[in-house]
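Residues annotated as substrate binding site in Swiss-Prot, with sequence analysis given as evidence: R76, Y216, G217, G218, S267, N381, S382, R383. Marked as Mn(2+) binding site by Swiss-Prot on the basis of sequence analysis: K225, H245, D292. Summarising the annotation, Swiss-Prot assigns GTP binding site to A268, C269, G270, K271, T272, N273, R383, R414, F508, S509, D510, N511. For C269, the entry in Swiss-Prot reads active site.
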Amino acid sequence: MTSAWSSEIQHEGLKQWIQEVAELVTPDDIRICNGSDSEYAEVYGIMEKSGVAIPLNPDVHPNCFLVRSSPEDVARVEQFTFICTTKKEDAGPTNNWRDPQEMRQELQGLFRGCMRGRTLYVIPFCMGPLNSPFSLIGVELTDSPYVVCSMKIMTRMGAEVLKSLGTTGSFHKCLHSVGAPLSPGEKDVAWPCNPKNMRIVHFQDDSSVMSFGSGYGGNALLGKKSVALRLASYIARSQGWLAEHMLIIGVTNPEGQKKYFAASFPSACGKTNLAMLMPKIPGWEVECIGDDIAWIRPGPDGRLYAVNPEFGFFGVAPGTSETTNPNALATCKTNSVFTNVALTPDGNVWWEGLTSQPPEGLIDWRGNPWQPGGAPAAHPNSRFTAPVKQCPVLDPQWNSPEGVPIEAIIFGGRRSETIPLVYEALSWQHGVTIGASMSSATTAAIVGEQGKLRHDPFAMLPFCGYNMAHYFDHWLSFASNTSLKLPKIYGVNWFRKDKDGNFIWPGFSDNLRVIEWIFRRTNGEESIAKKTPIGYLPEESSLNLEGLNLSSQALQDLLSVDVSGWLKEVANVREYCKIFGSDLPQTITDELFRIERELK
């Protein structure tokens with residue numbers, strides 16, 4: 001098996017690992033990916049030939065294609081996602097823990113011969129700008145052409161990364177297989193997967209990932225959630241930085257002053273919409289650095305600096321439209337992959353929310369003619385994968401190796417009651433408690449029940465690679481470093497409803513009105529806020545509401561402290577935090593008692 005491919009690899013450790021894996025998984029061929037456009041076209045051609053990829057109308061979506069996954073492989077599978085640490089308590093109560101030795105043995109059995117009849121693709125990738133002190137290099141071995149094309153969009157990958165790795169550089173080993181070997185002469189299915197044996201496994205002892213059975217997004221594109229969050233969060237704790245499920249935006253006011261904010265929301269709560277927000281208020285500008293992941297490190301001047309480790313967007317399609325997010329539509333106009341959306345007769349894509357009326361003659365995400373009134377035409381978790389460079393509001397500093405200085409951190413979720421539109425933490429410790437207390441109505445990004453309220457601290461519940469209580473502690477530790485100039489922390493909630501069940505706040509581009517208030521607060525404007533037990537709330541007159549038709553009752557609902565609701569909220573958070581036992585930092589317990597005491 002060590003023939004043509006081995007001469008392309010100068011790194012002996014990498015060469016040896018590829019050889020070991022090849023002996024285990026027995027592929028028909030091995031291919032080192034160079035990341036070129038011609039390679040992308042060739043691999044896409046393989047998918048088109050196999051029937052998994054459908055080219056879109058080049059007049060509407062040049063160099064774009066639609067992929068339909070198996071209905072059994074459509075979202076992240078948290079129940080099959082594992083953190084392996086020597087001691088169970090290091091993984092904590094919010095992760096699925098397995099003994100690393102036992103799990104490695106189990107995976108050896110699953111991976112044995114799993115690439116028979118397939119090509120093993122070697123994907124060298126870099127999370128973060130090449131040659132940045134922030135960056136991590138990984139190598140993903142996969143048998144999925146879909147993963148090759150998606151990783152080309154989502155990461156910096158190929159020959160450049162291999163060169164940067166040199167002959168001795170360290171890298172994260174990421175092994176992936178769809179888990180569907182082919183016998184000689186056996187015809188392949190369009191989307192091979194192995195739903196009964198799915199495993200997405202993270203080994204913190206050697207910072208590696210093994211993923212089996214799923215070809216979908218976060219389960220298979222191992223640079224994304226696996227390396228950039230689950231492994232990176234563990235590394236960040238030991239090295240004094242943060243790996244977070246956050247967007248990063250640059251905001252410029254009419255006077256030309258610019259600030260960078262990071263914001264954390266659970267999946268499908270409007271991260272991409274906020275990251276690409278198009279302001280309605282004259283003179284304001286919002287530019288995007290990233291919509292999903294932020295790596296944040298203390299800089300030489302004591303401020304916290306953030307980079308987006310990704311190279312593309314993996315956005316939820318349903319609900320994205322010219323009204324809600326015109327910049328996202330412009331971003332995925334060309335060179336993009338659409339997964340599990342509907343197809344129009346003229347070779348265009350469609351999903352719920354794209355237009356008010358569906359076009360006639362749609363083919364749904366399963367490949368069947370679609371009838372209005374039945375199941376959705378596009379899967380609720382259907383996606384677009386698009387290069388970050390195509391974003392029309394991309395910030396000039398998007399590729400800065402040093403990152404950008406963060407002046408505000410924002411936490412949000414999907415809450416219909418109690419949580420106000422915006423509030424500012426009274427201290428860093430209080431801000432960490434706001435992050436730890438986050439909960440949200442669940443969405444289609446995870447397999448399971450939709451619409452239930454689930455606790456999702458820091459929107460990191462599925463992504464924190466170690467004990468969440470130790471993670472809270474790590475966040476709190478930043479306050480004890482007196483040389484740091486820490487950003488202010490805010491909570492926001494775009495999803496409050498009135499008694500009739502209607503959203504009170506218009507959301508989308510109007511969220512800039514809240515960002516404007518936060519901007520002014522970071523400039524030290526005292527008179528625009530009032531102090532309450534839950535934090536600083538806007539004075540009603542301080543929010544720019546020009547052009548909005550909000551009643552005084554609506555404004556009161558959005559900006560007041562619902563005492564009984566908050567007492568229930570504190571009790572709920574305290575009850576949830578019992579899962580952490582004695583590991584829960586005392587600071588969080590104290591903050592919850594303070595809020596309760598002051599409310600009473």
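From the backbone N, Cα and C atoms, a Cβ is placed for every residue, glycine too.
Note: the Mn(2+) site is recorded as K225, H245, D292; in the same chain, G218, K224, A228, L229, S267, I293, F463 also have Cβ atoms within 8 Å of that site's Cβ centroid. Among the recorded positions Y216, G218, C269, N381, S382, the ones whose Cα sits within 10 Å of the Cα of K225 (Mn(2+) binding site) are G218, in sequence order. Taking the C-alpha atom of F508 (GTP binding site) as reference, the shortest distance to any of the recorded positions R76, G217, H245, C269, N381 belongs to C269.
Reported as a whole number, the C-alpha separation between H245 (Mn(2+) binding site) and G218 (substrate binding site) equals 13 Å. Comparing CA positions across the recorded positions G218, S267, C269, D292, R383, the one lying closest to D510 (GTP binding site) turns out to be C269. For Y216 (substrate binding site), the same-chain residues lying six or more positions away in sequence with a CB closer than 8 A to its CB are S69, D73, V74, A75, R76, C193, T339. Other Cβ atoms within 10 Å of the Cβ of S267 (substrate binding site), summed over all protein chains shown, number 22. Under DSSP, N381 (substrate binding site) is assigned to coil, being neither helix nor strand in the three-state scheme. With a cut-off of 8 Å between CB atoms and residues at least 6 apart in sequence, the same chain places A75, R76, S150, K224, F314, T339, R383 near G217 (substrate binding site), listed in sequence order.
Note: the CA-CA distance between S267 (substrate binding site) and D292 (Mn(2+) binding site) rounds to 9 Å. Nearest neighbour of G270 (GTP binding site) by Cα distance, taken over the binding-site residues G218, D292, N381, S382: D292.
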